[in-house]
Amino acid sequence: MGLKRLIVRRGQLFTLQLHFNRPFQFQTDHITFVAETGPAPMELLGTRAIFSLTQARQGNVWSASDFTIDSDSLFVSLFTPANAVIGSYTLKIEISQGQGHSSTHPLGTFILLFNPWSAEDDVHLPSEALLREYILTDYGFVYKGQKRLITARPWNYGQFEEDIIDICFEILNKSLYFLKNPSKDCSQRNDVVYVCRVVSAMINSNDDRGVLQGNWGEDYSMGVSPLEWNGSVAILRQWSARGGQPVMYGQCWVFAAVMCTVMRCLGVPTRVVSNFRSAHNADGNLTIDTYYNRNAEMLPNQKQDKIWNFHVWNECWMIRKDLPPGYNGWQVLDPTPQQTSSGLFCCGPASVKAIKEGEVQLPYDTPFVYAEVNADEVIWLFGDGQAQEILAHNTSSIGNEISTKMVGSDQRQNITSSYKYPEGSPEERSVFMKASQKMLGPGRASSPFLDLLGSGDFQDQPAQLQLHLARMPEWGRDLLLKLHARRVADRAHPRAPIRLEVRFCAQALLHKGGAREPLWRQTVHLNLDFGQEIEWPLLLPFNNYGNKLTDEKLIRVSGIAKVKETGRSMLVLKDISLEPPHLSIKASERAEVGKALGVHITLTNNLTVALSNCVMVLEGSGLIDGQISNELGTLLPGHTIQIQLDLYPIKAGPRQLQVLISSNEVKEIKGYQDIFVAAAGAS
């Protein structure tokens, strides 16, 4: 963070050397230290501390002790309590002799942070490996895509860049809590729960002059597409440089990654977590309804309920003294503005343990997070202005592959078991019923549509349908799929042949849930004898989807099969994520602070269309000061571009180089290279 100023963690000693104009006499020279933070420091509020020089430290309180005298100098150890207010402090001393003259001398300033190394601090994390990952590592990954094709996108957190710590406290000082009552706000900054809630509200700009403005549309012309950010540093610096004007634009992974930077900088162990098929259950009934028409087209949902393809939030590690025993550890915090909490757009901290056990009555916002990972999905056939038939009731389709970066590794860690018991297990259904009773009341002990499901007729189908990809999907190529159909026994026609009319529809999926207008349709007629299996090829041409997708390149292929003999319907779905071209990044074998580090970047356009207006952005804390940006022009199909450049590393240790190439056609072609930088002069 910088060598030119004093930055310390609470609950630990730090040493000062004081120089006097004569030898110090402990018996007659009385020294009193005064430490102050905030706009109107007061002892009663914990923003002012007065403490005298003593021989030994006095417990978990402000103290100056363990001193030694060396001629005209005094070496003294200062201790800050592990529950002190975090912030920027001024420190001064008052010197007096007996009842005589006293004088006050300013010593300077220091910044006090949370201390996860201290067993007395509420953010204590008793593992060096976890502390290296969740406090000291300044890069990581955000997991995106869909549950069957999860992609890791590199991110530069950069929490130790020179000015980031000042920007973090600037964020706290622009919050509505501070503006309303600065003294009270500062006095509560000893409480990690309070600080987390303030930061969660301030990362988005829905209520205040927060850091990021959300945009889930398609027009990013007034700012930067969320896909084109490489890290938090550029976002935080832009917000500060423009006087607190929200940076345009963010979506969930950007909000969460920026919050991770802020919390790690302040000293709170923090990680970024992705939840695939994440529910936004606005009415709190633990049910998300999705509607399709006879043509297999997903219809707009009239309610606010939705299922995000994936959603990204944070977990912060802390003791929860405001909860019953057993709910310490990882807590969910979500800075994406989905709904208000105590009047502001923030979410959490919600105990991950409480979510797993269905203790949704515990603060903060636990019911909302519980629904994100546990809600049931009901899919309806809609026609003639009403829901006509249940196509599916999925109890396990929401809250899949909950993921974070593995400690000390570039691999992904599946942490779903931290949030819930195995899907379909007695424990999972028992917790679901318990949470339902608490959220809906005993009269509505489970999802309100269960009486419609009572017969289970929608599960008794005469055929099994599945959609498979016949080859790897790539943007720019036709998509080949296969419908696999198999006749099985059912109550209505146990062994008789059946006739199916299957209507297919493809739509671009929106990240926030829902879909665009259909981009492809096809109808297939099948005759199935008992036990017979059929594979039917389907072709989705590039010309149909090329200019119809969102920047994230996700397609849903839906099929609704009508059984001629019964009039009943069946649903088959396939979500397709189209992979962009891959970057190749190679660096010299040896990297050393201050010495040239050769980097070679290669991109081959293996698509059938040109990539126009290509721009490359490089970032990496400790490797690059800020960003390096180059315009690359147009990359024709089948052509390769090669970039060679030298970097001059700034800091030693493990580093990550993040590379983004964006174009009009594909916004997010990302890659990374891990680089270990040796100290200057190291052999």
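Numbering starts at 1 and runs along the chain as it is shown here.
Just so you know, glycine gets a Cβ as well, placed from its N, Cα and C.
Where the annotation comes from TrEMBL, it is an automatic prediction and has not been curated.
Per TrEMBL, the features are:
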DOMAIN    244-337  domain 'Transglutaminase-like'
ACT_SITE  CYS252  active site
ACT_SITE  HIS311  active site
ACT_SITE  ASP334  active site
BINDING   ASN374, ASP376, GLU423, GLU428  Ca(2+) binding site
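Known features from TrEMBL, placed on the structure.
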| residue | record | contacts (Cβ under 8 Å, 6+ apart) |
| --- | --- | --- |
| CYS252 | active site | TRP308, PHE310, HIS311, VAL312, TRP313, THR336 |
| ASP334 | active site | SER200, PHE255, ALA256, TRP313, ASN314, CYS346, CYS347, GLY348, ASP365, VAL369 |
| ASN374 | Ca(2+) binding site | ALA279, LEU286, ILE398, GLY399, LYS420, PHE432, ALA435 |
| GLU423 | Ca(2+) binding site | THR395, SER396 |
| GLU428 | Ca(2+) binding site | LYS420, TYR421, PRO422 |
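Sitting within 8 Å of the Cβ centre of ASN374, ASP376, GLU423, GLU428, and not among those site residues for Ca(2+), are the Cβ atoms of THR395, SER396, ILE398, GLY399, LYS420, GLY424, ARG429, PHE432.
All protein chains shown were included, and the count of other CB atoms within 10 Å of the CB of HIS311 (active site) stands at 27. Cβ-based neighbour count (10 Å, all protein chains) for ASP376 (Ca(2+) binding site) stands at 25. Across the domain 'Transglutaminase-like' (244-337), the prediction's mean pLDDT works out to 96.
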